[in-house]
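One structure is given here, and the rest of the page talks about it.
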Amino acid sequence: MYVTMKYSKSNVLVLLFLKEPRRESYIPPQSSRWPQRHLMTCRSSFSFCQRRVCLCLEGVEMSNYGRVINHATSVLCSNKGSMELLQLYHRVFQRFDIEEDDFWYIVTSCPRFAVVRNSDQSGSDCIIVAKTSLRLCWNYPKQKCTKCQELHLCKYFIYGTCRYGKGRRQCKFSHDVWSEHNYPLLRECSLHELQEDDLFLLLLQNDSSLLPEVCSHYSKGSGPSGQCSFGDECSRLHLCLHFIQGDCIFGPRCKRLHSVDAVGRRLLQERGLGDDIIRNVPVIYQNVLRLSTYMPTSGGSRDAPVEILSQEDRNVICLHFIRRTCKFQEQCKRVHFNLPYKWEVFMDGHWIELRDMEEIERAYCNPQNTHSPCSSPIDFLAMMRGSDPVRRLSTISSVTKPPYYVLTTQWLWYYKGENSNWIEYGLMDDKGRVTSLSSRELEESFQSGSSSGITVTKGHRVYTINFHDMYQRNPKHNTKRKIRRRPRFVSVREVESKLEKVN
């Protein structure tokens, strides 16, 4: 519902509650920081929100913001439906002279856009995804709909495969985006200026019923089709779920599909999708997932992150804050600290930052050490200082990101040698022998959540590594050695040096 006002003949203010239109290009005024030029020659309007009437001031020059929104939508759709925040801003800035803060306010306040955290932390800390509430009317092909608030269009026209629209034989379903029924709906959502292909992509990534589901069983298990018992006959698309989620650590070495293969292409073609759409299907599915996890912020907060994070994610140090590029600031769900590691002790119901953090970190990075050199030493194995729990927070593991990332945490894996020394996996021991797996390969297995034993060889001996109890076992002789996982030491000076190069 929305509210408009009208004075009766007796000068009594009457509030008229009307049906609320789709206002996808509407943004609420930020009166506390809105430039004065946007408040000139204002007119008053009312919107009904959360059972209260709020006064909204819409200046004449605010129409510029409508043009910014429309152009940003067009740019997004022509770039497969989503872009990093800074990339989108630079594209929009080529046409409109708009400040970064104003642009940030627009994308976080306008219902046209969803702001989700970027799982790829190399660039902008968030991704902007184009949204719409418009859908295809599913009663229209059944000829059971007359007047509704959804689009009346041929589904195969959107897919780009309708056989009838281009020949002599006319399709019995509409191919007219700007028909008498469709145009008012597009205009109401401020989508009437979009090119057809851009509009179709927008519909595809917002209406999941237009695409087949992704098989969740395919990404589980170790077989060629994972745990999917249907294999090539599966009615769901086989794609790596971790790739769609943006967190696949194996990249091109992943044994699951990151693109549509011949079987998937046949499935999509049977559903009616054309080749142009099929090429973009992996990205479309990524956007579908982003929108499905998107949670609009309550009260129109302009700074709140919109993706729900796990508790593990909340204990990760934000790379963007270290680089001074985090847009979420105090609302960020990740930890803000100026180093890629942080040591804390739990006292009086709170986690308290420890002093001499660099020295604690230096000691911890040496696998030989079980305690810190402080006056009140930390037990690195039990993660306790006396009777108080201790924790170490850090940035994400380096194996989850490409090598050019800076200030990720490089974890090294060690096993205890015959002389009680600690030897890194992949390096030579005292007798010149090298293990078959390196620290990086073990870390990749660890990050993948593998619960089964990892097999590693050294010379003629075969060992099994179990991450749960942190031992390396020799099944033939039934012996075992301790293993340890410690980060590579990064000094404060090294952090500053890397930041200077990046910034």
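Placement of Cβ uses the backbone N, Cα and C atoms for every residue, glycine included.
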Range annotated as zinc finger in TrEMBL, from 209-238, 419-448, 449-478: 209-238
The annotated zinc finger range in TrEMBL, which must be one of 32-59, 60-87, 284-311, 312-339: 312-339
Segment assigned the feature zinc finger in TrEMBL (from 101-126, 127-152, 153-178): 153-178
Long-range environment of the domain 'C3H1-type' (239-261) - Cβ separation under 8 angstroms, sequence gap at least 6: 118-120, 214-216, 218-219, 226, 268, 278-279, 281-282, 285-286, 289, 399-400, 402, 444, 447-448
